[in-house]
Amino acid sequence: METAGGAAGQCNRNLGGRNTSSSSFRLRSPSLNKVRLRRIFDIFDKNNDGMISIDELSKALGLLGLNADMAELESTILSYIQPGNVGLTYKDFEDLHVSLNSVFFGLEEDVDEKAQDEADLSEAFKVFDEDGDGYISARELQVVLSKLGLQEGREIDRVEQMISSVDRNHDGRVDFFEFKNMMSCVIVPSS
């Protein structure tokens, strides 16, 4: 099992770097469907204007531990912003996502989707399981929600309710199987 320090080390790599050996924060997931991509867009769009500015994107990536050089980020993003807009619309964001898939990870036609979904869920679980003990505690969930700037991250009672709503064995924390079960309820199959 990976240690918390190892996971943090993977997340601190430069966004512009082509470190494809790590599977952390991969954008190529076939299960990263439009519903989840839209949720990411909405989280990044801090002022809720329907666009993600370069500054909003930079701040969101920073909160996730992904260091992005502002000049490099700007040069990459500007080609996706439509004339007259001050940021990426959802469609622009979606196009950027597809492009990053191709550039950084290549197009893999033969990917076993079920195995890839399992690997993606495991990586997502590791984001929340900061101490690497195989469980997501209320504190760990609160830390991640706070980093993303979500209201729930400020209220431990709400976080504990979120944990208990998926905690099938009532041990006060979420194991990988409970996490996987929860995610299967919210994931809409890719079209």
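Along the chain as shown, the residues are counted starting at 1.
Any Cβ shown, glycine's included, is placed from N, Cα and C.
TrEMBL entries are annotated by machine, without manual review.
Features of the protein shown, as given by TrEMBL:
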| type | residues | note |
| --- | --- | --- |
| REGION | 1-27 | region 'Disordered' |
| COMPBIAS | 11-20 | compositional bias 'Polar residues' |
| DOMAIN | 32-67 | domain 'EF-hand' |
| DOMAIN | 116-151 | domain 'EF-hand' |
| DOMAIN | 154-189 | domain 'EF-hand' |
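The average pLDDT computed over the domain 'EF-hand' (154-189) stands at 83. Assigned with DSSP, the residues of the domain 'EF-hand' (154-189) fall into helix, strand and coil as follows: 23 helix, 2 strand, 11 coil.
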